[in-house]
Amino acid sequence: MSDYYTLITALPWLPELEQCKQLPLSRIALDRRLSMLSDQDSEQLMRLEGLYHPSQKALLDMTDKALVLEWQNGVNAVNSPVLAEKVHFHMEVRTLLAAFRSRAAGMDNPALFFGLGRWVAHIRKHWFEPGFSLEGLCPYLPEIKRLLDKGRSLELDAKLDQLLWQDLVRTEHEYNFQFEAVVCFVLRWGIAERRLQQDGALALRQFNQTTSRLLAKSGLDIQLQGNG
Amino acid sequence: MALGWAGLYGPMALGAIGSMIGCAQAGQAACGALLETETGHGRYIGIAAMPSSQSIYGIVVMFALNREITPENAPGLAAIGLLCGLALLFSAAWQGRCCASAINVSKIRPEIFGMSLAPAAIVEGFAVFAFIFALVISAGVPA
């Protein structure tokens, strides 16, 4: 347990997700600090990151069923039950979202729906009920459904990220100075990185700044204005 | 007789073991904080040394109990020495964790440095209780 004291205090503080305007350290700097982990811990961390933040390519290339099977195999190889629970929670939230979207897309046969977690059978059984009869168990469900119905995808994404973030923060505090805290920090770092990459306005501003800088350097804008 | 000797050396040995654990944990945390901060390094190293006080208490209790060991006083020495040693061991080990937490939070917000040391100080208080009352009770053990 004491192996993580140096690493935990070497990690910077991550502010609340909404207040996170830039990452406190780069992936290269983070990886340099994570090199303090043993080979086994590094392997576990890599596996958990892969499960929690799957690549878009993997999500697009694989069928739902194949994805679920791969996730199940991955979770079975996670040593910490606490961290496996974090991945499960993430998958369950995504499964709920997938169920809403599948139903909205016109899926009439719930038997064709694949997902992961405790609620899959329940979702299939209550397919035609507005909130799959899960509102009591998942207090965030009405809000998710409302955003989904209104087509406010960005807000929905933000809401889900906030949900996952809070779950990870709680675990990080509960397992202070343990491997679980390290993993939760890295997973939160991943959520923050994804959110910052999704910031459309910021991306546009950076694109404009970069374009202006490049045009100013090359003198191309003067030529363009001259031609105009 | 063997128990008597264990009771005599116990406070010192167990206190030292606790200090080793506590200082190692707090020291590791301090090393990590050095990597993440630009200033205030001295205070982190200072906090890391806090659990060493239990060793000193152990030495004092050992000297207070030091006397010729006889079959009459051996059980008393064993009870006081070993129980006091255990109290010092656990307090030092857990104080190390408190110190590591204090280092971790004061690294993020240096202005709460003093307040963050309160848990470590409270744990120190219990070590002082064990130490003082071991001294008081040791006076009743036959010489």
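Cβ from N, Cα, C; glycine included.
TrEMBL: automatically predicted annotations, no manual curation.
Some features that TrEMBL has for this protein:
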DOMAIN    B:11-64  domain 'V-ATPase proteolipid subunit C-like'
DOMAIN    B:79-137  domain 'V-ATPase proteolipid subunit C-like'
TRANSMEM  B:12-35  transmembrane segment
TRANSMEM  B:44-65  transmembrane segment
TRANSMEM  B:77-96  transmembrane segment
TRANSMEM  B:117-141  transmembrane segment
Tally of DSSP helical, extended and coil residues in the domain 'V-ATPase proteolipid subunit C-like' (B:79-137): 57 helix, 0 strand, 2 coil
Folded-back contacts onto the transmembrane segment (B:44-65), same chain, C-beta under 8 angstroms, at least six residues removed: 7-9, 11-16, 18-19, 21-23, 26-27, 29-30, 33-34, 37, 77, 80-81, 84-85, 88-89, 91-93, 95-96, 99, 102-103, 107, 117, 120, 124, 127-128, 130-131, 134-135, 138, 141
